[in-house]
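Per TrEMBL, the feature site 'Discriminates between blocked and unblocked aminoacyl-tRNA' maps to Asn9. Here TrEMBL flags Tyr14, Tyr64, Asn66, Asn113 as tRNA binding site. Marked as active site, proton acceptor by TrEMBL: His19. Per TrEMBL, site 'Stabilizes the basic form of H active site to accept a proton' is recorded for Asp92.
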Amino acid sequence: MKYIIGLGNIGADYEQTRHNIGFMAVDAFAAANHATFSPSKQFALTAKVTIAGEAVMLVKPTTYMNDSGKAVRAILDYYGGAIDDDVMILVDDMDLPFGKLRFRAKGSAGGHNGLKSIMAHTGSQAFLRLKFGLGHPEHDKQVVINYVLGKFTSAEQPEINQMLDRSVAAMTDWISGAAVTQLSNQYNG
């Protein structure tokens, strides 16, 4: 089974915020494949689909972003799978220009607490990430916090919709067996 795990924060206050782009992307993939999320005992909302003969579990951790690793570890322990082969993490990235996608097969957390939590709970940095570019405001900590927890503007929405559409295609290609280099060449930009 493959896992597509969108990172975000649960609750109405966080819906449609920049930090929740991982949830928005996994929701877009679920909608495109007529999947419905339901609560699981593994600290997550999950949905299952089959794409090109491959079973896929869509996951939205119900922990807060900074404890996402707890849900990832619980899902992998319960259902089986390897963090380095079977998982794609959907995550926001302020160091990427707004509207850009980037695949990364391994590496550090880059200051992202959700990724740090996954690394701490799985003991690995070698897992696939699909990063969603948010751009970076000033470097003042409070400005950054307000930015990532802020909602997308109406002016940003068309580009967000395009990014989400591209991400759904990228997830489908990954499930269908595309290599990371192929995905990077096609979708990074």
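One-based numbering along the chain as shown.
Each residue, glycine too, has its Cβ placed from N, Cα and C.
Unlike curated records, TrEMBL annotations are generated automatically.
The shown structure was predicted, so the numbers you read here are calculated from the model rather than taken from an experiment.
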Longest CA-CA distance among Tyr14, Tyr64, Asn66, Asn113, per record bound to tRNA, angstrom: 16
Restricting the comparison to the recorded positions Asn9, His19, Asp92, which residue's C-alpha is spatially nearest the C-alpha of Asn66 (tRNA binding site)? Asn9
Taking the Cβ of Asn9 (site 'Discriminates between blocked and unblocked aminoacyl-tRNA') as the centre, how many other Cβ atoms fall within a 10 Å radius? 21
Could you tell me the C-alpha distance between Asp92 (site 'Stabilizes the basic form of H active site to accept a proton') and the residue listed as 'active site, proton acceptor' in angstrom, no decimals? 6
Give the sequence-ordered set of same-chain residues, not counting Tyr14, Tyr64, Asn66, Asn113, with Cβ within 8 Å of the centre of the Cβ atoms defining the tRNA site. Asn9, His19, Thr63, Met65, Asp67, Ser68, Gly114
Are there any residues in the same chain, six or more apart in sequence, whose C-beta is under 8 angstroms from the C-beta of Asn113 (tRNA binding site), and if so which? Met65, Asn66
Nonlocal residues around Tyr14 (tRNA binding site), in sequence order (Cβ under 8 Å, 6 or more apart): Gly8, Asn20, Leu149
Asn9 (site 'Discriminates between blocked and unblocked aminoacyl-tRNA') to His19 (active site, proton acceptor) - Cα separation in whole Å: 8
Quick one: pull the CA-CA distance for Tyr64 (tRNA binding site) versus the residue listed as 'active site, proton acceptor', whole Å only. 11
Counting across all protein chains, other CB atoms within 10 angstroms of the CB of Asp92 (site 'Stabilizes the basic form of H active site to accept a proton') number 23
My understanding is the cutoff is Cβ-Cβ under 8 Å with a sequence separation of 6 or more in the same chain; which residues meet that for the residue listed as 'active site, proton acceptor'? Gly8, Asn9, Met65, Asp92, Val148, Leu149
